[in-house]
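Encoded as structure tokens, the structure appears first; notes follow it.
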Amino acid sequence: MSRADESRAGTTAAAIIVSPAIALVAMALRIYTRRVLVGVRFVEDYCIVFAMVFSITMSVFMGIVVVYGFGRHIETISASDLVQQGKFSLGGAVFYIMTHLALKLSILLQYVRISVMSFEKWLCYAIIVVLIGQSFAFVGTHLGLCRPFHALWTPNVPGAVCLDRTKVIHMQLGMTIAMDFLVLLAPLFILRHLRLPWTNRLCILIVLSFGGMACIISIVRLSSVLENASSTDSTYDKVGSAIYGAIEVNLGIFCACIVTLKPLFNRFAPFMSQRLGLSDRDSDSSVGQGSPNGDNANVRRWPTFRRFAYVMASDNTNSKSTTISSGEMSNSMSEEKPSVALG
């Protein structure tokens, strides 16, 4: 196959279509679970919606870049197409940063909500401030890499002054990875006070494993960027880092959403919830009104859609979240005992 026929555009297109599609399904299920099944809305839910919108926008910019030849060898691409690539790749870079910002805000705000000590809350707020400052600093740096502005995508502009874009990207990715690990490991510190059943701890470990995969992808992406920093065929060699970037942010969105879907499994797949030990029935067998002798074996259970599912502890609660009974419940039903759940 000649170099003119070689192309990695198809691989790039698959990554920027499939990975956001999977993340979008997870986000839609999260919003449905929170708003319809549980009946609550939190600030972090809005943040994850913004993260998804930014991710899709990033994918659109990357798709346009592919249309203009990204994934083919640079000598087969016209000068005008290279200029268009430069314009739209800048948009992709900005929305990559904004996706990370919204995603991490969603996770950190949830940490604030489940924290039981004021010190932990203030620590999360401090990380949020650093995250916001860092993100907007990177956006400003990308937009101000060259003076005049159009020198970012136009070669050989007389009198143009540009920063070393490669060094800026290396610094950005390094700080992004550090923040990824900080956000990933924070639950181990915050959740140490919560009395969680082993099944919920297992869920957390699974989600942390997915989050660890996202961090590993970030490291692999940084390695790819470093390896191809001096490439003379950037439109072909840098496809890998673009694919890793798309997978990384969408895997992060998927992880942030999947942890909230316990009420959904309880509602539509109770057999799976019981087998995995995730159902309310298994996690709190004492819920409901028992017989006078304390036997709860024959208690009538209200289905999940007839009552609010357990949610993570709010800011003004202790280490256990409160169950709110549905208005349709009989007054004779006793108050349910609270338990922590990953809803």
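The backbone N, Cα and C atoms fix where each Cβ goes, and this holds for glycine too.
Feature annotations, courtesy of TrEMBL:
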type	residues	note
COMPBIAS	287-296	compositional bias 'Polar residues'
COMPBIAS	334-343	compositional bias 'Basic and acidic residues'
DOMAIN	29-267	domain 'Rhodopsin'
REGION	280-299	region 'Disordered'
REGION	317-343	region 'Disordered'
TRANSMEM	12-33	transmembrane segment
TRANSMEM	45-70	transmembrane segment
TRANSMEM	90-111	transmembrane segment
TRANSMEM	123-145	transmembrane segment
TRANSMEM	169-190	transmembrane segment
TRANSMEM	202-222	transmembrane segment
TRANSMEM	242-265	transmembrane segment
Outside the transmembrane segment (45-70), at least 6 residues beyond either end, the same-chain residues with a Cβ under 8 Å of its Cβ set are 9, 12-13, 16-17, 20, 23-24, 27, 30-31, 34, 76-78, 81-82, 84-85, 88-89, 91-92, 95-96, 98-99, 102-103, 105-106, 109, 235, 239, 242, 246, 249-250, 253, 256-257
By Cβ distance under 8 Å, which residues at least 6 away from the ends of the transmembrane segment (169-190) in the same chain are close to it? 97, 100, 104, 107-108, 111, 114-115, 120, 124, 127, 130-131, 134, 138, 141, 204, 208, 211-212, 214-215, 218-219, 221-222, 225-226, 229
